[in-house]
Each structure stands twice: as structure tokens, then as C-alpha cells.
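Peer 1: Okay, so Swiss-Prot annotates it like this:
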ACT_SITE  Cys581  active site, for beta-ketoacyl synthase activity
ACT_SITE  His717  active site, for beta-ketoacyl synthase activity
ACT_SITE  His761  active site, for beta-ketoacyl synthase activity
ACT_SITE  His1366  active site, proton acceptor
ACT_SITE  Asp1556  active site, proton donor
DOMAIN    408-843  domain 'Ketosynthase family 3 (KS3)'
REGION    1330-1650  region 'Product template (PT) domain'
REGION    1334-1469  region 'N-terminal hotdog fold'
REGION    1496-1645  region 'C-terminal hotdog fold'
Amino acid sequence: MVTYTPPAEAQDLPTKLKVLYFSNEFPTDDLSTLLRRLHSHSKHSSHPILARFLSEATRVLRNEVSQLRMELGQLVPAFESVTTLAGETKLRKGPLAQSIDGVLLCVLQLGMYIGYASHPLWFFLHCELYPEDQATETNSVLTGLGVGILVSTAVSVSTSLDDAVTAGVEVLRIAFRLGVFVANVSHNLEDVDAEASDSWAYVVHGMTVDEAQKELDDIQAKERTPSASKIFVSAISETSVTVSGPPSRLKALFRNYASFRDRKFAHLPVYGGLCHAAHIYAREDAQAVVRAPSLPARYKPVVPVMSTSSGQPFLASSAAELFEQVIFEVLTKQIVWDNVIRGVAERVAKTDVHDVNIKVFRHSLPAQQLSTALTSAMTDLPVDADDLLAWVGTDVDHGQYSPGSSMQSKIAIVGMSCRMPGGATDTEKFWDLLEAGLDVHRRIPADRFDVDSHHDPTGKRMNTSHTAYGCFIDEPGLFDAPFFNMSPREAEQTDPMQRLAIVTAYEALERAGYVANRTPATNLNRIGTWYGQASDDYREVNTGQEISTYFIPGGCRAFGPGRINYFFKFAGPSFNCDTACSSSLATIQAACTALWAGDVDTVVAGGLNVLTNSDAFAGLCNGHFLTKTPNACKTWDCTADGYCRADGVGSIVMKRLDDALADNDNILGVIPAAATNHSANAVSITHPHAGHQSDLYRQVMARAGIDPLDVSYVEFHGTGTQAGDAEEMESITNVFAPIKGKRRTSKQPLHIGAVKANVGHGEAAAGVTALIKVLLMLQKGAIPPHVGIKTSINPGFPKDMERRNLHIPFETTAWSRTSEKKRIAVVNNFSAAGGNTTLVLEEGPVRDRLGSDPRPSHVFTVSAKSKISLKGNLQRLIAYLEKNEDVSMADLAYSLTARRYHHNHRVAATATDTSSLKQQLISKLDGVDSMKPMPTTGAPPVAFVFTGQGAADKSMNLQLYHHSPFFRSQLESLDRLGQQHGFPSFLPAVDGSYPKDHAWPPVITQVAHTSVEIALARYWETLGIKPEVVAGHSLGEYAAFVIAGVLSASDAIFLVGSRAQMLESLCTAGTHKMMAVKASRCEIEDAIKDLPYDLACVNGPKETVLSGTTEQMEAVSVPLKEKGYRVIFLDVPFAFHSAQTDPILDLFEETARKSVIFRPPTLPIVSPLLGRVVFDEKSLNAEYLRRATRGTVDFLSAMQNAQETSIVDKDTVWVEVGPHPVCVAFIKASFDPAPVTVGSFRRGEDNWTTLAAGLGQLHTAGLPVRWGEFHRPFEASLRLLDLPTYSWNEKNYWIQYRGDWALTKGNTFYDAEKGINRQAAAAPVSSLSTTTVQQIIEENFSGSSGKVVMQSDLMQPDLLAAAHGHKMNNCGVVTSSIHGDIVYTLGEYLYKKLIPMAKTVHANITDLKVTKGLVAQSNTKVPQYFRVTATTADIHAGAADFVWENVANDGTVSEPFATCRVVYGDADHWLSSWSPLAHLVQGRIETLERLAAEGIANRFSHKMAYTLFGNNLVEYADKYRGMQAVVMHEFEAFADVTLKHVSGGGSYTVPPYFIDSVAHLAGFIMNVSDASDTANTFCVTPGWDSMRFARPLVPGQRYRSYVKMIPTDDDPSVYLGDVYVFQDKVIMGMVGGIQFRRYPRILMNRFFAAPDSSIAKSYAAAGGAGPAVSAPAPAPPVSPPKPAVVEAALQANPSASTPASTPAPAAVTAAPAVNSDSTSGKALVLIANEAGLEQSDLTDDAAFANLGVDSLMSLVIAEKFREELGIVVAGSLFLEYPTIGALRSWLEEYYS
């Protein structure tokens, strides 16, 4: 016992030694509670340093996680604070357990230390650790164990608590990397289930280190344990030792040997891998973990850190050196805690210490041992201890929270998309109209409301708009409903704002290169949506007319962003905000605030406005908001009198700038600050206030840290109102262009602009519209011209703009990026409700490419959700390549693969240059229709097959080793294992150091082969390609066993190397050979009779390998060659699977039995030795390896057994893992059809080229390739390209506002007007009246524009007779020729009204589209009205548009059913243009004449022609029967026509029967030709491209018509042709591009039934009878309630309503038996027959869309249901019940 006596001179100066002990274990308290309380304290005003530490720790950990390969990174859930990870139990038991626990221990101990040292009572702690004079030795020491000693280094190098934050997060980074590194190395020693809690260390009590070491040496020598797998002593104390090693070997040690089993022992909670292992790790490993720390040079060790091995302080001169020494000790040195105790005691003895204070994080055994030892060694020395965790238990004063600044990070905008007025369907078109200085206002389009009835410039009519103008998106109803999993019904009822929001969100994300969960910032849990919207027009007006299923989810605002979150699976918040005109920018500011606060990491934000409600126009007019003149906003004009309303939809994607840079995003612009305030002191709520606006600018500029004079552009709110413009100009000039005080220099010009002058005021979308404009300005380097000043500038604006250096750009002005200063802009957006929002925007940083991409070949992918879109995407990419021939192929591949969503219709191409790529894409475009989409059942299974020896060059140059850090680290780790086992390094054999024919000893060749395959398999797994079954060929089995978990990588390398050494020492190279024979086993036996040989391998039906002595093989080869079999001698030194290996078998088996551990396989293994699939652990052992060395490799039988047991099938994708694809040929030969096979490497080909081709195949097969991992090594050198966006398969989903109820609304104002209108209806507007144009009910003419509306009653006798003269299905049908006469009549009337001097009008009827037949009703006593509207904006443009609508008897107008355009022309010009064609057509007519004479073509008389026509489709009245004779061959014919004299029968401009007579030859061909299936189909025309006659059609005159109908490429059921009409061998008329579509004859009743008949009504009740000329498009399923017709059927048949007693089964893979007597059974048989399916195809999970049941087939089957089963259903039945199972269940429920 040493008695401690303080030195006499020290009595007056008591000195205390402070010892801080950092444990390697968590305290026994609940860790989550401790960290939660630590986090809570960090919010207190007294702990700003703690708050910064936790914030920085979170940031650093996120950064480290982002560097992990994807399969590991995705294990870490999204986290707002590192402290929350303590509760992630699954994470802390998984592969990253040691890394995460190391981080949490760092956070806990450093956080508690910082918090303790910051506390008012103990603030001096940290200062006391350090001497005031750095030359003086400190009276403090730092100790610790494991990660704890690493934590202590942060304290050692920090002279302040602020320094401790910086050093602490660096230590946290190292701790995380240490855990990952140790886990990776340990994984090669033993692949342990991370959740199995198998320990890598046991403590043994009562055993000395010498005893333990002797026992271990003896045991492991006897077992021949490979050196890398040996158990070793890792820690020593006086009473115990700790032994460490692979868990399975530790278990065996304590199970099998009494010297350990019989002592007291316990396993330690060490689950992450091995440390303190000098035989495993080296100095360079420590350097790899530490790398280059980012600490400044001033960080140096000040407080000594005691080595846990030597007990002496580490001697380091810098922080980096200290970190490296500590990590090296943790990895390689034994823990000898007694040495630490001794070292501290020595320090006490050497210094003038009066007492010792030990600081601990809760009391622990090592700290207690230290205290006890000091007390025992030195009597009378006071030793006390403080708990640094005690303070965290104190209550937090919630009144003194100080959350700190949330405005530290700038916000990057990384993607944008828009739909703007003026046809701006993308940002490029938007820029084009801005740059061109366009004002895109126009009259309110008809799809919104009838502007004429809802507009009154006098303002006298109630509820009308004073203006008829606005700025509008073209066809806002266009939408790709199936893409977004919406049915047509849901799409139609969903607000177009919501639809365009999700479309532009997708496009913005696509342009941002967004891929879900690719990086921490794109974690789905951390993404939210924010959209501004200020109206609900579509819900209030359009869908409100007939409220249905989707009225609420389709119309309520919250569902817009909610739908985006739901579709993309974003789990962050979704907000819809309304602040009136500032909605979008205020919402974007709110989204920025969420980013600044850390609530989310990625944001999709924007604004929405689509105008359909006339009320808003009326209300704004009455509130004096809107301009009365036809223009967009007259911003800054002296006559500005209000704004012009506008549509607008814009979406942007935002991230924090550091996240965007880390994600390698394109940064379109950066937001340093944004803010909102309110004009509280304005004279009225809607009036702006310059003072408050100026305050806002100063606030936001201060927040951004930017001088207002450095702003070079301001985007005004600029609505074009006198008050608003003047106030905003005043506020802007006061702050950004002042005349007093500091002013702008000549080099600081300020330009201003306002986008509303171009596209109007988008209201809720105005802010995002302005923001996108400025983003485009930054992108294009230009400021577009301002077009708002129509007359002269607002006189209230400053007269000294020049002195202020303030400029309005009246032409495009350069605004280029310079190196001198940033371009900075301000965007304003104000609210009519008083809010002001301002956002500062600056250009993004310039980023340099780091490194280069050496890959010579790249893979390019294109995908879509439909074939139409796939074609469009391919076409867009081809067009892009044509415009950008010098595009970087590496960038293009990266952008198309790693930065895009991948859908189920896929193509992939591998190319080295744009020309080659373009040709491949063109080729693939041609084959899209024949491509099969990915299966809906998910990705196909993957099998890895590992190549045997002999496939590679003797020396390899693996490009993957040089350029893939992961692959290289794997190979180097495996190479080190080999060296630890005593084998030479194999790296020179694979790194290209030697020529490819340089031979190596077998031990190097075979270890290299196995190691390359293990590393390659793991590389495939990082790319997302994971096997479900493995197979190995010969030597390849060892790598297969590693991947299947049977052997550790260490054991496999040991076995392969040992076997090779045995071959070298016990066998003679070159005495035996192996010979491949292109013949079957039986053929070989027949050919060589009794000659001796060994059957080495049976690889395929015709692939066999023999082995034997050299003499035997040469002898055997002779008869085989004589038989014509191909023979190849393999270049291998030893003949495996032959008698040559006999000398090594016993020794090898014994070595395998004693030295390695076999574990149960985690994957099925296809065993070529056993010829079957192995699942159990008993089959794979040392004896198996012996037999595999000598026995036959029966690869063929193994493959056949795998197929028979369904382990693999035709869908299995095979990846050959090896140096050259050999086995895939055997696999293809074993399967019919051949499966998809992919090689990894190929001799003579760059690795990247082979991998690119293989990944393309795997991608198109449907596997989820992790493209980000593939590009990761080169990402710093790659850039995201701004490629064309998705090509939508759009249809117009729109509910038209009908009538004028928005005006009347129950008021009495319009009662009198209605009476006047009724009187006016009785008195026609015009005297014009013909049979087809019976009454002009409205006409308006203004200058050169005009509108004429006619209404006719189909029941009028002459018109009804004309319809009945064209009977189909016994119904009178208005033929296209009647439509033609209407157009000729109205077209001439309109033209002459506007150009009264015109004498002759020649009209070309173009683009006629009839979407639904107009069929005469059967009740002739009730009117059947239809209406045609003709309009022209400018008659001098030579065109007018026509629209047909049905009109109900109550005046309700239905949706248009036909449209066309008239183009006025010159008859003489037409004649001259046709003249060159006449002889060509005449030549065809002469050919038909000759064919008729030869009996090849058919000749029909007048009567025969019309009899056949009537029998097959159309029964024509006599006056229509103008064809006198017809000659026809297949789809080509001519007819001689004489137009009939008809007396009476009505008045016409061009009689319909004249038009029909010369044109219906096309219909005759399609419905009579023997080339058509007229028995089962009929053909009708939906219209034509052009119809014109240069001369009048005259009764009694003779004409000749000719036409040839040709099927279209896109749809073989649609035919096109040009009808030429001759008079005297001159072409005088033509019907160009007349179209006929073929339909099943069964649909005749559905298409052509009198609208008041019972059958038509039943179709209407079932969902509509479908259009006459087109059918609904397929769409995704919905689950609506039972159809109304079914309800009626059930009421009529009560027994049918009884539900089936057994519910329909769940989806199964096999088709259930069909009960053909049941209704459901009959229905399925009917479906199978109609669709040409087998009963086996009708599995419950089979989707009708995948079975080829398209919209047309749906109509046919629905008709069959009605006819054969008596079930009336809609054609949409298969959308509502999209699978066989769903339909079966429905039928059984309602019809069983």
C-alpha cells in the first residue's frame, strides 16, 4: 500500500487531477429517454452549443448515409434528428447496428459533456481541462474503451465548446465509418444474420492470458483453423480474458472444449464484427477509416488520451494523427485496462495532486476499477466521481426555449413545369411567347361558357361579365387518366386544376431527375406538397350540374396536393393554401419555411388557376377589378384600368441547396430568402400600401444578406391597375433604386418587368408564373421585352428613372452570367386581400465536373405506361438527339437511367455514340407494337450461375477493379484474406499488370477466380440484382456457396487456395487433359466404345467434357473427330473431375472437415454434382467437396431437376457470374423457350460494355436495377440533362357547363328576357330557310368576325325523308352528305354577310369529325332539334368553324357531336391542282376495266350494287341511288354516276343525295367487297379530311367516281381513301382522306337505334350506347356501385339478388374450374370465345387489359351478354371490374 502525502509546497495550492472516462457501453437507462431529454434541453436558451452539435451531427450522419451503397442506405429511415434513431430497433439490430450504435454513443457522450459543461453550475468544466499556458502540462487525462476512446479524442483536441462541436461531428463521422468498415471485413469472415445476436466476443473469468493463448493455439492447430478465422485474445484483465473470433467458431469452442466450457464465461454484446485483431487489420485500414479529416490545423491534442493497450498517452501532433492512432488501436491492439489504471496512478504519483475527480457517464465497472485501484494504491488520496448524465434529468424551463435560426440554408429550385395561356404547354413554349413579346389574350373559349350570353359590356344584365376576354390554357381537359390510375369517370369529374397539378408535378419532378428514395433528400417520408389555389370553378359549375361519385375528391381543394402525395407515395405534409392573388408565391414561401425548419427535405409546390365560372368574371367586373378592353394586363400603361383574368398552372421542385448539390441536381435558381407581410395600414382591404411593401423588401433583403442595390431585376406583381402599379413602383424605387442616399452606380442597372402583360393575371397561379419566368430568364440569360405599355407610360411613375438606373426593357435584353457578380432578382406577388409576398432569387452556383467517366459504352433506357406514350417518348428522344448530336453519352445515359422513373413498357439500347443510339431507337420505335410490357405480378426471379475454371484469360485487366470503388474494395479485402491464409496476392493477375497470356500458378489463378466471382456477385447485388437461387459450375461452386451462406468468403478462399496448393505439390501439371466435345453423353459412348476416359462434365444436351491422361484424351479424340464431332482441348494445367485429383482427395476432405464451418444454405443451390436442387445443410459438407473435385459435373441433370421442382422456370432470369459467359449457353440449351441470360464479363470486351448490355436486358425483363449505384463512381463527373418530358396519352376529359343557370339562379331579372326570347324564337333572325338549315336563331357580326347559329328539327318532313333515305338498321340516319349541305348553306351565308360583294363562294369542308350518329327518333310528333354554330374570328383569314349539338325540348344543349372547318378557296386553283393527277387516276380506272374484262374484278349493275349495299348496311332511297355501274377489285373501285332529277323533296344548296351519289362508293367498297368480312363486320365513316367541288353537281349529268381504300398503319380496322369525282375526264371534285372504321356487326343495335326506342334507353341506362364512330378508350379500374340497369334487373327477378353462398376466391395463379351452367361460368366461356382465349388464361388475377379486352372488345362482349345471357351492362364493365376474379365475384353476387 502506497501512502500518499501531498508535497509541502502544494498545501496552499491544492491541485485536482480530472479523469474523464468515456465508456464503450450505453448506460442502463433507457437510451431513447436520455436522448429525448438531451434534445429537449438543446432547445433551451442556455444550450445553443448543444443545439448546434445535435444539428450538425444530424447533418453529418445524413451525409454519411448518402454515401452508402443503396441497399445499406435504404435501411436507415428518414430522421429529423439523430437522437430519434435510438428508437429504431430494427435498424439497431441490422447490418448497420455497430455503425448506428457508435454514432449514438458519440452523440450521447459528447452531447452530455457539452450540455454539462454549458450548465451555469459547471460551465468551468471544459476550461479546467486545459492549462492556461499551452506549454504547461494539463492536470487532466482522458480515458475510454472502444468507441468511447474515439469520443474522448474530440475533447482532447478542442480548446472550447465550439471546437468540441466541430471535432465531435468529425469523430461521429469516423465512428460511423468504423462500424461500416468492421462489418464489411467481418462479413467475409462469417456472414452472420445481423438480427441473430451472435456475439463476436466472449469473456472468460478465472483464466490467464497465457492459459487462454496456449489452449487456443493447441485447439486451432489440431483443427487446422485458417489464420484469418482464428480465435484470439482481444482483452486482458487480472481476473479474466476476452476471446474474439467468428461467432460460429466461438460457439464451437465453448461447446466442444472443456477448458473453456467449464469456466465461467459470458458472451459480450459485440454484434458488429471483429476489433482488436492484429492478424486481420493493418495501418492502412485505420487510414482508410479516418481518411482526411476536415478539421483545421489548429486542432491539436491538448489533453492526453490514455492508450487502452499501453496505458500511456498517445503521442500525436495533430488531430488527424490522433484519430488514426486511436482507430489503429481499436482495430489491432489488445485492451489491457490494468495498464490504463497503472498509467493514471503513475501520473498521480508524478504530479502535485491533492485529489482525483473521475467524470463518468453513469457508473461502470472499468471506472469503478480505476477508482478502487487509485484508492487502494494511495491511501488518503481523495477520489470522487461525477456523473455527467445527472444534469439531463433536471426539468427544462419551457419559458426559455430558443429554437435557433432556421434560415441558414438557401433553397434550390431543381425542377419546373407549367401550362400557360397562349399554347405554352411547357416552359420552352412559355419562353418563346415571352421572348416574342406576345400578348395572348383572346375571347373566352366555348369550353368555359357561352361568352355571348354571359357577357354584357353595358353591365346592365345581371350576373354577366363586362369583358369577353381572358388568357386561357388550350384544352385544359387533356389528361392521361390511365397513367395516374384514374378511370375516365373519375378524370372527368376531377377538377382540371388538380389534374394539371399532378401532371406538371410529374414533369417538374422528371426534369429534376427525381427518383424515390435515391438519396436521403428524396426519402418518401420527407417529401411534401404545397399548392396555392383560390377558386373552385369546376366543382361549383361543371361537376356541380350533376353531382356524382367524385364530386368531393375531384373538386375539393385539399385533394389536389393530397392526390399528388397519394400517387407518388409522399409521406410528408400536403397543403392547399388560399391567399387570393398571392396564393402560389405565399404557398411557395410556406414551403421554403418548412425546408428551413427541417420539416421536409424536398418540396413540390406551385399554383393553380383554371377559369370556368362566369360568376367570378361577373363579380370581379362589378368590383371594378377587370379591364374592359381586349388585352392582357396593361401594366404601367397610362390607360390601365384593371387586370385581364388568366389560367395558369405551374409546379416547381425545391430542396435545400446543400441537398441539391449532394444530389447532383440541376439548380435552376436559388432562394436565399422569402417573406410575407400584410398591408395593414392601407385605405381598404384591396388597396396596396407602398410603405408595407418597402418594409417587406428590406426585411427579405436583410434576411438574405444582400444589398438591395445588387438586385439587377425585379418582377413586379404588375396587374395593370392605376393604384397597384403606382404603389408598387414607389415601393420598389424606394428600396431598390433610391434617389437619395446610396444610389446605384452605372454598373448596377435595375431592370423591371411583369409577366401579366403577356399572359394576364393568373390569380392563384400568378406568383409561380412570375417565378418560372425569372427562372427561364436565368436559364436563357436574357430579359424578355415588356409589352404592357400599349399607349404611354403611367404618368405617376418617377420622371427620373434614368438617374435611378431603372430600366423597362422594350426589347430582349441580355442578362448573362458573369464571373464578377451574381444575377439576383426579386419576385413580387400581392394579394387582393392585403397580403404581400416577396421572394429573392439568385443564380445557382457553377459546378465543376470532378473526374471523368471512362466507360466506352453506355446503356440508355426509355419507358412508358402505354405503347402510345412509349412511341412518343422514343420520338421525343430521337428528336432531341437530332438537335444535340454532340451531347455527352455519359450524361445522357445517367439522365435516362439513374434520374428517371421506369414504367412497365420498356426499351433499352447500348451504344457508344449518338448516331448508333439514334438508329437503335428508330428500330425499336418500329417494333413497339410487338413489345410485351413488364408483368404486373412483379419482377421475375433471378438465378446466379458461377462460371468454372478455364473461361478467362490467364491474366485479366478488369476495368471494374480500376473504376468501381466497391468492387475494388471487395477484391482487395478478399485478396488480404488470401494473404492472411498464406497465399500470394492475386491482384497482379486481375489488374492488367501482365499481358493476358501470362500464366500464373494454380493457387493464384483459382483464388483469383473465386474472389472475382464473390466480388462480382456482391457487385450485382448492390445494383439490385439479387438471386433467389444459385448454381456453380465446378470451381464456381465455391463462390455460389458463399453467396448462399454455406461458406464464409474466408473459408471459401482458404479451401480453394489449399486445394490448389495440394494440386501443385501432389499432382504433376500437364499429365492430364480436359476435352470439350460437341456431342451428347450417349453419342460419345457409342463413338469411343471401350477407350478409357473420365466423364468430367455433362453441360448440356450436346455439351460434354471428358478428362483423363494426355494419352487417353488424344486417343479418344480420334474416333470422335471421325464421327464429325467437334473436339476442343481445354487450356488447364490439371484435369479436374478425373483420376489426376485422386492424390489430394483424402487430405482435402480432412482439411475441409476440420478447418471450415458449413452452415445451412439461405438460398436453394442447384448442385451439378448431385444433379438436383439442395435445400438442406446435411448434403453440403467436406465429403461433398471431395466428390465435387473428382466426380462428374452433371449440369444438365441439375438444370432439369430445377425445372421439374419449379425452382426455376421459363421466366427465371439467369446472370452468369464469372470472367466469361459459358454456362448461359448450357442453360439456353436446357430450356424451351430459352430464358433471358446475361453475362457479367466477356473476354476481349471492356467490362463496362458487357455490364451495360446486361443491365439493359435485365431492365427490360422487369428487374429493378439500381441505376444510381451503377453510376455512383462517376456521378461527380456526370450532369443531369434537361431531356424531353413524358409523352402523355391524353384525352379530353371535360364536363361542359350547359345552359345559363349561372345567370338566372332563381332571380326574376331574366323572366322578362325569357319571354322576349320566346317571342324572338318564334320570329327567325333571318329569312334564310332550307330543308337542312331551317331557322337562323342567332347571328352576330362585328367587322370581319361573325357568328351564325341555326336550329333544325329532324322531324320536319323533308329533312326526315332525307334521313330515312339513308336507313341503317331500319333507322333513318343523318348522313354526312346532309351535314355537308348544312355547311355549304351556312358557310355561304356567313361569308356573304361579312363580304356582301362576294358573288360565288367556294367552300372546302375540312376535318369533319362525327363522334356520334344523329339517328331519327321513331315518334315523329315530338320535335328532334339539333343546332349548328358557324363562327369566324376573321373572314379574311378564309376559314370558319362549325359545331353540331343536339338540343333537348327544354332547350338544354348537349355536348357537341360533330365538328368541321370550312376553308374558302378558289375553284380554278383546285382544278389546276387536280389536273396532274387525272391521268394517274384514269390509269387505275383502265386497269380495273381490264381486270373486269379478265374476270378478276367484279362488275355490278345499278340494281345489284344497291341491293348488296342495302343487305349489308345502308338501304338507300331511290334519289340517293346515283351509281349506275360499279367495277371493284378488293378495296379499289370506280363507278359511273348519273344524278337523278328529283321534284319536290325540299330545298338544298347542294342536295345530300347528289353528294352521296358521287361519294358513297367508298362506303360501298368497305361494306360489299369480298375482301371484307361483311358477314361479321360493318364499316361507317366518322368523317373526312376535305370535301370540295369545283363545279356544281347538276341533275342528269354523268360523273365517274374512283377510290382506293387503304388500311392505316396505326389501326388496321381504320381505312382511308381519296374519292375522285370526274366530269368529262376532268377531276371536278374530291373527298380527300375519307375514313371508314370497321365494327363488329353485333354492335349495329348499339350504334344505330332510334333514341326513343327501348333498346337505346337500356343502353343509356347501362352507361351510354357508345358513339357511332368511335369507342371509349381503355382506362384503369374503378369500383363503382352496382349499375342502375342491374338494380332494375334484380327488382324484376328477386331470386337473382341472393348473394352467392361462397365468396369469390382471392386471386390465384391457376384458373379455377368453370361451372358452365352458372351465369358466371357462361359469361367466362363467352369472354374466352370472343377474345380467343383459353380457359387456362382466365385466372382470377388476370386483368382484362392484359388479356386484350380493349374498349371495342368490351362493347362486343357487352352486346353478347345482352343477347345470350339477358344481362344488360355498359361497355365500361371491364373498367369497373378489371380482373376475371372481380367480374366473377360480381356475377356470382348478383346473378347466381
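Cβ from N, Cα, C; glycine included.
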Peer 1: Cα-Cα, whole number of Å: Cys581 (active site, for beta-ketoacyl synthase activity) versus His761 (active site, for beta-ketoacyl synthase activity)?
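Peer 2: Cα of Cys581 (active site, for beta-ketoacyl synthase activity) to Cα of His761 (active site, for beta-ketoacyl synthase activity) measures 8 Å after rounding.
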Peer 1: According to DSSP, which of helix, strand or coil covers His717 (active site, for beta-ketoacyl synthase activity)?
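Peer 2: Reduced to three states, the DSSP call for His717 (active site, for beta-ketoacyl synthase activity) is coil.
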Peer 1: For the active-site residues His717, His761, His1366, which Cβ has the most other Cβ atoms within 10 Å, all shown protein chains included?
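Peer 2: Counting Cβ neighbours within 10 Å, the top one is His761.
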Peer 1: Measuring CA to CA, name the entry from the active-site residues His717, His1366, Asp1556 that ends up nearest His761 (active site, for beta-ketoacyl synthase activity).
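Peer 2: Looking at Cα distances from His761 (active site, for beta-ketoacyl synthase activity), the smallest one goes to His717.
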Peer 1: Under a criterion of Cβ-Cβ distance under 8 Å and sequence separation of at least 6, what residues of the same chain contact the residue listed as 'active site, proton donor'?
Peer 2: His1366, Thr1375, Ser1377, Tyr1516, Tyr1520, Gly1522
Peer 1: Which secondary structure state does DSSP assign to Cys581 (active site, for beta-ketoacyl synthase activity), in the simple three-class scheme?
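Peer 2: Going by the DSSP assignment, Cys581 (active site, for beta-ketoacyl synthase activity) falls within a strand, counted as strand.
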Peer 1: Check the DSSP secondary structure of His761 (active site, for beta-ketoacyl synthase activity), expressed as helix, strand or coil.
Peer 2: strand
Peer 1: Just to be sure I understand the packing, how many Cβ atoms besides its own are within 10 Å of the Cβ of Cys581 (active site, for beta-ketoacyl synthase activity)?
Peer 2: 31
Peer 1: In the predicted model, what is the mean pLDDT computed over the region 'N-terminal hotdog fold' (1334-1469)?
Peer 2: 93
Peer 1: Do you know the DSSP helix, strand and coil residue counts for the region 'N-terminal hotdog fold' (1334-1469)?
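Peer 2: Tallying H, G and I as helix, E and B as strand, the rest coil: 33 helix, 57 strand, 46 coil.
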Peer 1: Provide the three-state DSSP residue tally for the region 'C-terminal hotdog fold' (1496-1645): helix first, then strand, then coil.
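Peer 2: Once the DSSP states are binned, the region 'C-terminal hotdog fold' (1496-1645) shows 35 helix, 68 strand, 47 coil.
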